[in-house]
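Enquirer: Provided herewith is a single structure, encoded as structure tokens, for subsequent inquiry.
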Amino acid sequence: MRWCRSAVERVLAATAAAELLTVEELFTALPAAVCAAALLSLPLRGRLPLVALCATLPAMLTGNMWLPSMVAMLEVAAGRSRRRTAVACALLFTAAACPWPVWELASMTRQEILTSVEAAALMSTGPTALGLLVATRRELRARLAELTATREREQRLEAERAVVRERARLAREMHDTVAHHVGIIAVQAGALRAAETDAWKRDTAESIRRHGVQALEELRDMVGVLRASDPAAARSAGRTGLDALRDLADDSLLEVAVDVAAPRAALAREVENAVFRIVQESLNNVRKHAPGARVAVRVAPDPDGRSLTVEVANSAPPGAARLPAPRPGPAPDDPAPDGADTDGADTDGADTDGADTDGADTDGPVPGPGPAPEGPDPAPDGTVPRPCPVPDRPIPGPVGAGLPGGGYGLAGLRERAELLGGSLSATHRPEGGFLVRAVLPL
């Protein structure tokens, strides 16, 4: 629209300049002066339309040039001031109706006066009406733009209200449903720990109770985040700093070597949270799909100090998974556990009569995952990454068998990294196992 309007204005200006060809006695003093003033004032019509109109009126009054006054009048009428438009229209009508010299009006006939008035009315009202139309279109476009902006703002507000309602609903469901069941688990585990005399059972019950209490704390924090009016200002749920990675590895039921090299500058809360969740989900996947595998966790800044690299690599799993701690087996007269076949039948793909299962002979002692690889170099602060102890009681099936999973873990980690401007990849290792690698900007 702007280029079209500019083209129209240039055509009108060129037409007004071409009117010079019709001026008689152009090179005499008065016609030359009024025509020059009219043409030179046209560039001012955009910023000072009324001044430009007044400068063109002498040319209109003397009858030398009419178009410059009409072009200036159109620009005046296209403005927002209706009073200024009325005054300018009256001036243009007067200049167009009066003869030159003015004293010749006394000798004009009635017919000549009517003809002059009709011509003056057309020359003044025509540009005025066109200018008012332009002004109306401008105002209409402005109102439409304002209406569009208002609708978009209302849609954003409605979307925000929907998000707030959904967050509140999720908070209620988490508080009333998930927290309820987790609380029952923690309470019953505490009661079992108090009533049990077997050391292994007490330790297991205490571990269940501790994880239940931690889950309740994280649920409470998450409910607070969901109900917060400013989610960005709400603190992250749970203990998710780099210092919590070693505790996370200790509780993973896996052999984990943790190597954390803290960057020079303090990490942002979102970056620390992302590192913790990436390691947590990766260990959870190893526990589900590669029980007994050895895991190496490395968190270190890049040499340029602009990004942080997180790597979780696990080896190929051994033939048998392990439980948290040794536990006395059932006596010969005791009934076998549910699902176990004591007559040599295949249980979860394992032959208990000595058949080779994934290369492991179960007639003799069941080999563990082997000695841990040589530990990583000491961290800059002098601490040496410690591997988590590996339990040594074999079980026939994977530790994570039966655990529900939605298949969205890696996709969620990738989205978490991309939200921070980083990237995440998950690939199989040539020597066996899996590697999750994330690069997060600092």
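Every residue gets a Cβ built from N, Cα and C, even glycine.
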Enquirer: According to TrEMBL, transmembrane segment applies to one of these ranges: 115-135, 178-198. Which one is it?
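Expert: From TrEMBL, the annotated transmembrane segment range turns out to be 115-135.
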Enquirer: So what's near the transmembrane segment (115-135) in sequence-distant terms, Cβ-Cβ under 8 Å and 6+ beyond its ends?
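Expert: Answer is 60, 66, 69-71, 73-80, 85, 88-90, 92-94, 96-97, 99, 108.
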Enquirer: For the coiled coil (137-167), would you mind checking the mean pLDDT of the predicted model?
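Expert: Across the coiled coil (137-167), the average pLDDT comes out at 92.
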Enquirer: Should anything in the same chain at least six residues away from the transmembrane segment (50-74) have a Cβ under 8 Å from its Cβ atoms, list it; otherwise answer none.
Expert: 12-13, 15-16, 19-20, 23, 30-31, 33-35, 37-42, 44, 84, 88-89, 91-92, 95-96, 98, 100, 123-124, 126-128, 130-131, 134
